[in-house]
Each structure stands twice: as C-alpha cells, then as structure tokens.
Amino acid sequence: MKAFPVICLGFAIFSSSICVNINILQQIGYIKQQVRQLSYYSQSSSSYVVVKLLPNIQPTDNSCEFKSVTQYNKTLSNLLLPIAENINNITSPSPGSRRHKRFAGIAIGIAALGVATAAQVTAAVSLVQAQTNARAIAAMKNSIQATNRAVFEVKEGTQQLAIAVQAIQDHINTIMNTQLNNMSCQILDNQLATSLGLYLTELTTVFRPQLINPALSPISIQALRSLLGSMTPAVVQATLSTSISAAEILSAGLMEGQIVSVLLDEMQMIVKINVPTIVTQSNALVIDFYSISSFINNQESIIQLPDRILEIGNEQWRYPAKNCKLTRHHIFCQYNEAERLSLETKLSVAGNISACVFSSIAGSYMRRFVALDGTIVANCRSLTCLCKSPSYPIYQPDHHAVTTIDLTSCQTLSLDGLDFSIVSLSNITYAENLTISLSQTINTQPIDISTELSKVNASLQNAVKYIKESNHQLQSVSVSSKIGAIIVAALVLSILSIIISLLFCFWAYIATKEIRRINFKTNHINTISSSVDDLIRY
C-alpha cells in the first residue's frame, strides 16, 4: 500500500513551507484527480513532409502485372486532381485576370479563395510563401521516388528538414516483397488490392475537407497521423526535438499540416507542418481537484477551493488554464495564467483545516461521491451507502466529513441504487477526527430558493417594524427639540433682560451719585456766599 499524502516538488528548507496535503484534503471532500506537467509552447518554425502515396514493389520472376496498383493509381489521381488544381489557382493566378491581390509582394488568386476571412487569407499567403521550399523539395523527387524506405530524410536548399514518408511501404516491405516469388500473381494482387483499398479509404476520409479548398482547410495532425500510419512517431521525432511523446503532442493538437504541393505524376504530396517550440518547466505541477459535499457540523457543506492549482516548489497559485491544451500527462500553455492565492487558502491547501471555508448546501446536490483510483470517496451521510458484497450498510460517523471505501471494506458498493465494483486499496494510511468551527461555514450559493425567500420576507417585515419605531422616535425627538428651543430662547431673553436691568440700575446709581455731588457743591457755594454776605454786613 503506497502512501502519497503530500505533493511538494521543492525541498522544505524552512519550517513554514507549504505543500499541497492530498491526504487531509481528501478527508474533507477535496479530491486530487490529475497531476500534469506544465509546458509552454509557441509556433516558431515549419517543416515539410513528402508523402509518397504509391509504394514501390520489387520486380518478380513471375513478371506479375498488378491490376490493383493501376486501379489504385487511377482512383488516387481523381482524388488528388481537385486539390492540385486548387493549389495551382491560388499560387499561380492567370496573367490576364485582374482577380488577384498582392500581400507583401505575393500574388494570390482571390477567385480560388472565394469568401475568405482574414485568417484564411493569411493561410493562403503562407501557402504561396511555401512554394519556394516545396519546389526545392520536389526537385529531389527522383531520389524520393527511388527509395524503398518508409521514412527518408532529406535536406533542401534552405536547410529545412523534409521527410519522405511512404505510408504503406512498411507493410509492402515486411510482408509482400518477401512473398513475391513464392505466391501466385493473383493472390499477391488480391492482397495488394486489399491493402491499397483500405489505405484509399483513409485518404478519402483525411482529405475530404481539402477537396473544397486546401488553403481554407488545414489538415489536423490527427488526420495526418491516419495518413502517415505507423510512421507518425518517427516523423514527429524527426521534426520536433523534445522528450515529450508523439502521442501527447498529437493529441494536444499542437501541430497542424497544410498541403502546399501535389505531384500527380509521381503520386507525391508535400505537406507543410507548423512545428511548435516546447519548453517544459520541470518543477511545475498543475493539479486538478474535484470537490464533493461533506458532512460538517451536522449539515451538508462543500469546501471553497479552486478546481485547479499550480504548484512550483512550495508555492501554490490558482491556475484556470482557459487557453491551454490538456493531455493525460501534460498541460501546454502559451503563457502563465497563474493567479495569487490568499494566505488562508494556502493554509487550507496545506491541510490546515481551521483555515478552510465551507459553504452550506440546501436541497438536492448531486456531487456526493467520486471514483478515485479504483476506490470510492462518498458523503455517506447525505446518500445511502450500501455494501452488497459483503452485505451491510456503511455508516459514516459524525466526526468524518466523507468516507473512503476500498477493497478491504467492500467489493460491490451501491450508492443510491448505483452499483460500483471496488478494485483497489486506498492509499490513505491514517484518518483524523476533524474539528471545524461554525464560523468556517458560510452561505454562498443557496439552492433552496423558497427557504431563502421566506428569510428575505421575514427580514423585510422586521425592517418595516424597525422603520416605524424609528419614525416614532424621530417624531418624539422633533417635538422635544421644539420645546427645548423655546426654553433656550426664553432663558436667553431672560438673561438679556437681567443684564439690561443691571446695566440700567448701575447707570441710575451713577447718575444719582453725580447729581448728589453737584447738589453738595451748590449748597457749599451757597453757604460760603451767605457767610461772605454776613461778614460784609457786619
């Protein structure tokens, strides 16, 4: 039993390093689905493949005349003639016709394009530009035609690699040429007719879009693989220098082919292949996760974490990969789409359950189980888990968010009537009793609309009640404010009156005192005057 609890490519130098803890996350319903290597690609160069459509057959002592080859040659000519004519119309417009246009000095037959978009016109320009290389490769048609090898590499004048492929030559070399002198001509002709007929069927399927317009309908590498047959890996490895397998590159659709020339006399076809440049970031993993519901705090919840995470060393980012091409083991992107994660999210990914956030689920929810490497991870508190072999119900304790069911506990499992065969052992070596606080559960995406509407209505009624109380308080405050203003005004007026009265009294006191002083002086003068008069009389 292999334990794989943590994914961390870098070495944890510091104690605070954070890695994706697969084991803990699985116990709360966050299950790892796929781990892919991150690679970057760009279209940088082109290569050419010369497909030799008619095999070489060694002469025999019986001087057999193979009618199947003659018929195959005729049928193939009818198939390729429209393609050759179409390419000729695009690359060589009639000198007397004005229906052509120049792009960067290149003449293109507009009539051959028909109604074309900008991308299709660009493809036509590429088709015309490829003619120089195609003619250089076609100049070696004699050496290509004479070879009896299934794959034949040549170098043309611009030092671009050209691979001559004879798609059915491998079958002819290994099976038929060894039996030419030991079997009758009729039997050999029948065998050859069968092989050529099957191959012709493939050609018809592959080149059906190109019968309309090769400039507007590029050959996908998947169709080209059918055309090249068993030689596809050799061709891919010769044109693309990388350690990634040919199957990964082809399935990602990173290579496309376009017919640039057809040589009917030699039954040769030159296909231009756009070869990408691929760079792999060795320490970068893109991990896909699948979330199922879990039983937390006596209710069904689901963890709030991204579906895809990029891990480089001990750092994690959210990675949407919206413009990337995914295969089984690789993810090919033209640029890095990483988005920062919050510290709480990083801690949650590292297995710190106290930092995780869950959203409650109301109503029916279908994502309650997932198949994982031959085992089943299910929320057996929200659906019925019944083991049929041996027969017993599976109970999930309150302290378990989900239940992992492997071969040791059950061989045939029924989940709400769906039967599954368990074929593997779980790689989890331990399980924890989870403790999650109520504050970690939020309501982000309610499903039971009627319940939520009832809550909204209740909230509105409470709001109306509070508004009425508020209005009453405002009215009370308004009346009180008026009374208070009157009292304040009266107090101010009273104070002013008192001040004025005091000032008046003070002024009256001063005036009275001054009058008394004047009267005293007058009386004193009168007394002196009387004394003087008496003295004079005496």
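Cβ coordinates come from backbone N, Cα and C, glycine included.
Quick caveat, the model's predicted, so the values are computed rather than measured.
For Cys387, the cysteine that Swiss-Prot lists as its disulphide partner among Cys380, Cys385, Cys410 is Cys410. Per Swiss-Prot, the cysteine from Cys324, Cys356 that shares a disulfide bond with Cys333 is Cys324. Looking only at other Cβ atoms within 10 Å, the busiest spot among the glycosylation sites Asn73, Asn89, Asn352 turns out to be Asn89. Take the Cα of Cys380 (disulfide bond) and measure to each of the recorded positions Asn89, Cys324, Cys333, Cys387: the nearest one is Cys387.
Annotation for the disulfide-bonded residues Cys324, Cys333, Cys380, Cys385, Cys387: lowest Cβ count within 10 Å of the residue's own Cβ, Cys387. Less than 8 angstroms from the CB of Cys410 (disulfide bond) sit Cys387, Lys388, Ser389, Pro390, Ile394, Ile422, each of them six or more residues away in the same chain. Among the recorded positions Asn89, Cys324, Cys333, Cys385, the residue whose Cα lies closest in space to that of Asn352 (N-linked glycosylation site) is Cys385.
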